[in-house]
Amino acid sequence: MEYPAPAAVQAADGGGAGPYNSSELLEGQEPDGVRFDRERARRLWEAVSGAQPVGREEVEHMIQKNQCLFTNTQCKVCCALLISESQKLAHYQSKKHANKVKRYLAIHGMETLKGETKKLDSDQKSSRSKDKNQCCPICNMTFSSPVVAQSHYLGKTHAKNLKLKQQSTKVEALSKRLTNPFLVASTLALHQNREMIDPDKFCSLCHATFNDPVMAQQHYVGKKHRKQETKLKLMARYGRLADPAVTDFPAGKGYPCKTCKIVLNSIEQYQAHVSGFKHKNQSPKTVASSLGQIPMQRQPIQKDSTTLED
């Protein structure tokens with residue numbers, strides 16, 4: 001039996017640990033365009049996917065070398081906003097960030113290098129639409145079937161990551177005008193507060209966010225929102241509208257009574273509790289009225305004592 005030469009085995013294995021390393025034999029067989037893309041991906045892999053940076057100097061070096069992916073105020077790979085220096089260092093040195101970078105490169109490694117984007121022709125654009133059923137570039141996830149992909153795109157995780165990506169785009173636009181990263185974060189918070197006022201983007205009653213008005217309309221006619229409206233009307237009926245406990249508790253988590261510091265599971269339990277003696281005894285109005293009756297009870301006693309002395 002004949003065994004292949006060690007050089008041939010090394011050439012077949014690729015000669016390296018990285019997924020984008022290629023042998024001279026493969027490079028000789030590949031077209032120029034494919035070899036160029038492979039070289040770009042290999043350079044990006046070496047620049048980003050090495051060991052996790054340790055210390056401030058390595059983190060700053062990584063940011064300067066890959067400004068298309070990382071900045072001092074945001075990580076485009078993780079869709080994370082970095083509002084302080086300590087948060088920036090902790091994020092870029094974390095294992096979670098390193099794993100997401102590897103997944104990002106597995107999807108985008110052939111397309112991105114130092115801010116350059118490949119120009120796609122019509123065929124590539126049509127293939128990109130088909131790739132949506134295979135992977136989600138926003139969440140860095142892969143799918144086994146179009147059904148799983150559609151379920152992901154309609155889920156909360158994708159909506160949350162899409163919102164974070166939109167926020168990171170706003171941060172990038174603001175950072176071009178504002179040099180102070182902390183001023184950028186405060187300005188972004190102001191924009192977020194304005195969005196929370198828009199009912200097509202945020203439901204203050206259920207603490208839910210929406211990507212488009214159609215999704216918002218579906219929420220407002222849904223069972224969850226109607227249940228919250230019923231709860232609010234019930235609170236108002238029993239004099240609880242001005243109680244901040246209605247908004248302090250998470251949406252859909254029972255019926256809170258801040259006076260007694262308990263949460264009831266149903267409307268019937270809440271009605272029975274509010275009508276009961278224990279709740280009325282703990283009510284501030286009852287305590288105030290009982291305190292006001294104390295001097296009224298002492299006055300007739302004093303008058304009786306004076307009449308007896310006379």
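Along the chain as shown, the residues are counted starting at 1.
Glycine too: its Cβ is placed from the backbone N, Cα and C atoms.
Here's what Swiss-Prot has on this protein:
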BINDING   Cys75, Cys78, His91, His97  Zn(2+) 1 binding site
BINDING   Cys136, Cys139, His152, His158  Zn(2+) 2 binding site
COMPBIAS  1-12  compositional bias 'Low complexity'
COMPBIAS  283-292  compositional bias 'Polar residues'
COMPBIAS  299-310  compositional bias 'Polar residues'
MOD_RES   Met1  N-acetylmethionine
REGION    1-33  region 'Disordered'
REGION    278-310  region 'Disordered'
ZN_FING   70-104  zinc finger
ZN_FING   131-165  zinc finger
ZN_FING   198-232  zinc finger
ZN_FING   252-286  zinc finger
What average pLDDT does the predicted model assign to the zinc finger (198-232)? 81
Contact set of the zinc finger (131-165) with the rest of its chain, CB cutoff 8 A exclusive, min separation 6+ beyond the ends, reads 77, 79-81, 100, 103-104, 107-108, 209, 211
If I take the Cα of His158 (Zn(2+) 2 binding site) as reference, which of the binding-site residues Cys75, Cys78, His91, His97 has the closest Cα? Cys78
What is the nearest of the binding-site residues Cys136, Cys139, His152 to His97 (Zn(2+) 1 binding site), using the Cα of each? Cys139
Work out how many Å separate His152 (Zn(2+) 2 binding site) and Cys78 (Zn(2+) 1 binding site) at their Cα atoms, rounded off. 17
By DSSP assignment, list the helix, strand and coil residue numbers for the zinc finger (131-165), in that order. 19 helix, 4 strand, 12 coil
Candidates Cys75, Cys78, His91 (binding-site residues); nearest Cα to Cys136 (Zn(2+) 2 binding site) turns out to be Cys78
